[in-house]
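Asks: Take a look at what Swiss-Prot says about it:
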BINDING   17-24, 85-89, 139-142  GTP binding site
DOMAIN    8-276  domain 'tr-type G'
Amino acid sequence: MSVEKQTAMRRTFAIISHPDAGKTTLTEKLLLFGGAIQLAGTVKSRKAARHATSDWMELEKQRGISVTTSVMQFPYKDYLINLLDTPGHADFTEDTYRTLTAVDSALMVIDAAKGVEPRTIKLMEVCRLRHTPIMTFINKMDRDTRPSIELLDEIESILRIHCAPVTWPIGMGKYFKGIYHLIEDAIYLYQPGKHERVGESERIEGINNPELDKKLGDLASELRNEIELVKGASHPFEREGYLKGELTPIFFGSAINNFGVGELLDAFVKEAPPPQGRETNSRLVKPEEEKFSGFVFKIQANMDPGHRDRIAFLRIASGQYQKGMKAYHVRLKKEIQINNALTFMAGKRENAEEAWPGDIIGLHNHGTIQIGDTFTQGERFKFTGIPNFASELFRLVRLKDPLKQKALLKGLTQLSEEGATQLFRPLDSNELILGAVGLLQFDVVAYRLENEYNVKCVYESVNVVTARWVICDDKAVLERFNQEQSRNLAYDGGGHLTYLAPSRVNLEITMEKWPEIQFSETREH
């Protein structure tokens, strides 16, 4: 099959939500509808602990939050879907942000009782920057919820995006009876308790069908009146607005009961964009180009406790990956052979024989691959727009057993390569300082150091409030700066000079004193 045909059948997207809106449940149900798993909730770990397929790291299982981005591929009808599960917890902004650079569209999950929550607002800002098309699933309709019109108003006013309802709920909570599909003019009736298997919902054709009155009684005429109001007050779905990220189609349902998910998935494969062109520092790369290219948006250490491995997740931007092919690693200016790239089904990994634009493959990484790296078939361009953020929180890392210094350094280096934490090594001392965007990161690192590297560490406070990357073209100025400010300077994991400011005032004074130097909050990988 040609590159064009392979590209056209693919959909690569991420699910975004506030914690507890039901993102992991919906992820699992999408896999269920795609036939990737047979029974919901039955994927067991060796200890037979029940946990959702996509939250596969020990700490995630204990805490019930998605800590790292998981990649899952599954077929649905004539399509192949690549689903990137993003961390729902507030501390994992960076990882989520980078994941959103690797997708062509997003699915937003909203809890019908809570509406728009802070984390959703933050993620929407990222999507807006990239004009990412967004579909919305309003979940938990089987519980007591806020009025649906109110939820739409809130999405429009807070997230600044037009809402186009595609399905509309009939009742809510105990009185939830189903959904009306505005485009199909059909009603799907709700039967609670279908948690584990996918079954066909009973369907009634036409809102004016007398059969509806038999099934719903007085609710039928209420529904007809409500739909008239909804059609008058909301935007009709139009694909162009959706693809520009200006309008979001809205679907209602109950993911835990498998209800409303099929309608969402059908609309998704039909309307969501296939893999799109990608910007580089020299030109736009189109997916249908013959030559292979791709970029690394995430690195994950120790995905399989049985193998001490690091996997670099690469999004294919153009051409075809074939097992054993040679690819050019642009940053290192050298050709490498890729023999054993992986594809993923949440923790189940298989060797990829081939992969196409939109697919995510895993490359075994022995420390040479970094986030943001570009691979091509000889061309020397670099994909742009994969950011690194300055840390906001800092801790000094101390060993409980001083003899484990080497293992500590190895662990911290490998874990910081994943991009969720940053390791700083001060110029003036042998201290190790860990920086993160959120507090939970420190717990994750301590937990993983102990479990994956057999190193116990403790944290101490350190006199650093923020970090800035130091950029200066004038070597003489930079040398003078290094000498005068060495006590506040460190190298990050990538060997980039960083200023660790003991206070905001100190940073402002230093920036004023050194106008030739750029103090940057973000850095492109």
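Each Cβ is built from the backbone N, Cα and C atoms, and glycine gets one as well.
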Asks: Grab the pLDDT values for the domain 'tr-type G' (8-276) and give me their mean, rounded.
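Replies: Across the residues of the domain 'tr-type G' (8-276) the model's pLDDT averages 84 on the 0 to 100 scale.
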Asks: Within 10 Å of the Cβ of Asp20 (GTP binding site), how many other Cβ atoms are there?
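Replies: Here the count is 15.
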Asks: Any idea what DSSP makes of Ser17 (GTP binding site), helix, strand or coil?
Replies: strand
Asks: Around the Cβ of Thr86 (GTP binding site), how many other Cβ atoms lie within 10 Å? Please give the count over every shown protein chain.
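Replies: Its Cβ shell of radius 10 Å holds 25 other Cβ atoms.
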Asks: How many other Cβ atoms sit within 10 Å of the Cβ of Ser17 (GTP binding site)?
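Replies: Result for Ser17 (GTP binding site): 24 other Cβ atoms within 10 Å.
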Asks: Could you find out if DSSP has Met141 (GTP binding site) as helix, strand or coil?
Replies: coil
